[in-house]
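Below you'll find the structure, written out as structure tokens, and then a few comments.
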Amino acid sequence: MATEIAKHICCGIDCNNEADRLQCPKCLNDGVKSYFCGQECFRNSWNIHKHLHRPPNVEKREDGTYNPFPKFHFAGSLKPVYPLSPIRKVPPHIKRPDYAKTGVSRSEQIEGRSFKLKRLTPKEQEGMRKVCRLGREVLDAAAAAVRPGTTTDELDSIVHNACIERDCFPSTLNYYAFPKSVCTSVNEIICHGIPDQRPLEDGDIVNIDVSLYHNGFHGDLNETYYVGDKAKANPDLVCLVENTRIALDKAIAAVKPGVLFQEFGNIIEKHTNSITEKQISVVRTYCGHGINQLFHCSPSIPHYSHNKAPGIARPGMTFTIEPMLTLGPARDITWPDDWTSSTASGRCSAQFEHTLLVTETGCEVLTARLPNSPGGPLK
């Protein structure tokens, strides 16, 4: 009697097909079962799937975790704790951005060849309001779990599931091969931290950067949270986090029709220069961005003074302001995962971000905190 071959769900990016025979040979060598529905799906998924593999000559700890980059000179004490969890699935009924399967946004590449500043129609503005409200709910769900002992991978699971519950696609998932559904940046990590198995510790700070896609629109927001009472009692961290929060608030207060995009950086750096108790610097490598039907588009919003960003705010435009400030100098390095950005000094960094809609008289903070949102300024 013939036996029926057991069916598995394909491990490929954005694929929910059944798979039976084809397995990743590297996973087989590591004793891991990962099935794919075909060679094309395996090839398309490789840039993310490879993060699940333990590099040769890397020893596992007793708990099965390991540092995938043992020869890299990390600037601070933070190191990645692998293996990463398997790629999380998105149900097929949820609408996807154009890069969900390939990792490459062709629509963003086309837009990038021209400097177009889109002004949304009233209907499109409602689409942005909806996705940003959902984004706030998702961020708050993750923030409620921030405590010593929670891993950043657990935060990723919370964000992913909260997105799915709201019929949203997590915008970071497979965006140019980013392997997770949220960015979690701890201590000296400036941005784009990949969630892994490291538990948060009392005294850490963690930035949770949520981006999601709903009914054709992206929303984007982040906040930095204190982990435990030890962090809240650290004067360096409090100075850094609270001044980053204030710098964003001051920039938002200046958003109105007719303001040059370059002006927001002047406001942010003027505030950081006024801080006398600590040296705090503005990161120049990363900037805010336009956002609408595209995840990233024009305009660019640098956060430092005397920048040359072109363009003027007009009613109907939507964009983010998301300053990253560091203790000490602002030079940054990138980990070998090609995503994680760390301060070169190993000192801590903080960030806050909102998505904004320019109105006739000022702006609307589409991702504004709710009365019961976790975190917030220290009293």
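Glycine too: its Cβ is placed from the backbone N, Cα and C atoms.
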From the candidates Ser298, Ser373, the one which Swiss-Prot records as phosphoserine: Ser373
Candidate from Asp196, Asp220 that Swiss-Prot assigns to the same Zn(2+) 3 site as Asp209, Glu353: Asp220
According to Swiss-Prot, which candidate in His192, His289, His306 joins Asp220, Glu322, Glu353 at the Zn(2+) 4 site: His289
Pairwise Cα distance for Glu322 (Zn(2+) 4 binding site)/Cys27 (Zn(2+) 2 binding site) [Å, integer]: 39
Spatially closest candidate among Cys10, His192, His289, Glu353, the listed binding-site residues, to His49 (Zn(2+) 2 binding site) (Cα to Cα): Cys10
Per DSSP, three-state class assigned to Cys27 (Zn(2+) 2 binding site): helix
DSSP-derived helix, strand and coil totals, residue by residue, for the zinc finger (7-60): 19 helix, 6 strand, 29 coil
Separation of alpha carbons, Asp220 (Zn(2+) 4 binding site) and His192 (protein binding site) (Å): 13
Nonlocal residues around Cys24 (Zn(2+) 2 binding site), in sequence order (Cβ under 8 Å, 6 or more apart): Cys11, Val32, Ser34, Phe36, Phe42, His49
For His296 (protein binding site): DSSP state (helix, strand, coil): coil
